[in-house]
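Asker: There's a structure below that I have some questions on.
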């Protein structure tokens, strides 16, 4: 029976949900995968804790703070591998920082698989990805990042499957931010855009600084990840991105309060665009696109007919359309649902973990 | 490098599309899967042809008719296994009959994996499935049937992943027939139902006898397959099915022509239901449901609000909603797109084949 050792880096909201999901499913996994799955390492930004016999579901939080030693992710990788040399080792990076991605290649050199919701790797420097791929090719490590786009929705796996079965991807488009989905599903020509942003902020749908959502950076990262999965070696600097933050309010010297206070001054701009769209029976939506025909990517406000799937969204749902040779533009393959939230994001990560175990080479 | 031997039974419209897709992707698969993938056996209802070195992409049709020997699926399984004892053997059943499913257990006993779009197995006798599972458990064979529901859409894989990651499925509902999707997307209170059926028939969207679609049997099979994947051991006889074929026209003694001729007599019944729905701002749709709370399944005409995803469909698209603990009823996970057609069905089968190879135990 295969022994699987898992390390979770960053047990924040998503990481903790994942840890709980793994503990709850351990017995079932044993049966489904004929494997012994153990969570053996945990690390936060300060400390890490390793227990080769498996960390206890009852005391994992306390163990990390009380038994933890100063964090060193290289040591974590070494312990993980050396403790399970003939089994399957997986690092799960639940952080949103650069520190862990910088070490993925080291993990791969040790034959450790990497699973992550961290967009900084997939949308980061191509050199780092290439180095990882080379090491992974050598050692048999795998990388999965389902939760980087659409959280638990089957987006990356669907795209991979289309490509692997020989379909030709023409376009991938999506409403890829729950925040911006909510804002434009709620916004209409009668309302003030700034009021909708305020209400989204009050509901906790935005980052503490809503400009992080409105700038389009988060959506841009997802677009880069989708593009690269389609074989388009682009990066953030090559994207055509329309920021929804007025230029005059974009500076970090402008406080969040000041931004929220001044945003109404720009309501008229947005209202004009919505009115133009409405006069054509359309609505405006914030859409990320990968266009494989023209080999370009964009993140922008577009006007779509009311019958378009993008126009029919509600709440904070994400929606991704795949237009391919087999799924032509009038009838794309569509995936829709909540694309954020701790439980669904953790589930996306978990499905990757299961896939890694299932496809691990050394049973 | 793993050697993969594939046998395709039933190279009809879907089977032929699959054979072409495999030939086109062979080189890529070699790289992606580090495997040597060969199509070694083909069988139709009369003859079969086996070539351990791999059947030629240029002459496979002729080889089957000209070099073929009388078909015997047991012999096919034996040849497949004996020709590749240390590799990965896969039987792909592209028929819609009972003959091949009756042999799945024999294949499993030989360690052969089974992939199929044939609903007769998954919706068939539970005893046969249990026998297969027991043999497969012993030998390490796998079974995949993504293309049995929604063709190439990620339906079965999504459901499996939800369950494996510990989500609790509450409800799976869908518009699971392209034919009935088209009929009700087109039908409205102004039109005659029989006219819409006639137009669907003329467009080639129905079976030659539209009663095969309207009876709900095809949708019922898909519902049984979905239910069983959720752990509900139901069968066709336990389903609550509303047939759209008027009882007086259901007999096989009524010819297709006579059926089409007499269908207008029942237009008024359907119009009444549509009118009631419309008066409540709703529309009627033919929906298959698996209800895990009440542990019941149904296939019936239901009235849904105009904002409901089922109401927003167009053309022949399928749409499946997964309501779970993590994806609650207001925001289910939704998959939509063409759920029939040779290329997308073949792609669904092909994605299963790739998954089987990737997870095969004896690399």
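Using N, Cα and C of the backbone, Cβ positions are placed for all residues, glycine too.
So TrEMBL says this about it:
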- A:222: active site, proton donor (ACT_SITE)
- A:10, A:11, A:12, A:13, A:14, A:15: NADP(+) binding site (BINDING)
- A:95, A:119: NADPH binding site (BINDING)
- A:207: L-homoserine binding site (BINDING)
- A:10-144: domain 'Aspartate/homoserine dehydrogenase NAD-binding' (DOMAIN)
- A:154-354: domain 'Homoserine dehydrogenase catalytic' (DOMAIN)
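Could you tell me the structural context for the features on the list?
Answerer: Secondary structure at residue A:222 (active site, proton donor), taken from DSSP and collapsed to helix, strand or coil, is helix. Counting only same-chain residues at least 6 apart in sequence, those with a Cβ under 8 Å from the Cβ of residue A:222 (active site, proton donor) are A:119, A:123, A:148, A:149, A:150, A:174, A:176, A:288.
Residues near residue A:10 (NADP(+) binding site) in space but far in sequence (CB under 8 A, at least 6 apart, same chain), listed by position: A:43, A:44, A:45, A:93, A:94, A:95, A:96, A:100.
When other Cβ atoms within 10 Å of the Cβ of residue A:119 (NADPH binding site) are tallied across all protein chains shown, the result is 21.
In the three-state DSSP scheme, residue A:207 (L-homoserine binding site) is classed as coil.
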Asker: Which whole number is the mean pLDDT over the domain 'Aspartate/homoserine dehydrogenase NAD-binding' (A:10-144)?
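Answerer: The answer is 96, the mean pLDDT of the model over that range.
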Asker: Distance check, please: Cα of residue A:11 (NADP(+) binding site) against Cα of residue A:207 (L-homoserine binding site), rounded to an integer number of angstrom.
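Answerer: Here the two Cα atoms are 19 Å apart.
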Asker: Quick check: with A:10, A:11, A:12, A:13, A:14, A:15 left out, which same-chain residues have Cβ atoms within 8 Å of the centroid of the NADP(+) site Cβ atoms?
Answerer: A:8, A:16, A:17, A:18, A:94, A:95, A:342
Asker: Between the Cα atoms of residue A:207 (L-homoserine binding site) and residue A:12 (NADP(+) binding site), what distance do you get, rounded to the nearest Å?
Answerer: 16
Asker: Between A:13, A:14, which of the binding-site residues has the fewest other CB atoms within 10 angstroms in the structure shown?
Answerer: A:13
Asker: As a quick check of your reading of DSSP, tell me how many residues in the domain 'Aspartate/homoserine dehydrogenase NAD-binding' (A:10-144) are helical, how many are strand and how many are coil.
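Answerer: The counts are 66 helix, 26 strand, 43 coil.
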Asker: For the binding-site residues listed here (A:11, A:12, A:15), tell me which residue's CB has the most neighbouring CB atoms inside 10 Å.
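Answerer: Comparing the binding-site residues A:11, A:12, A:15, the most crowded Cβ belongs to A:15.
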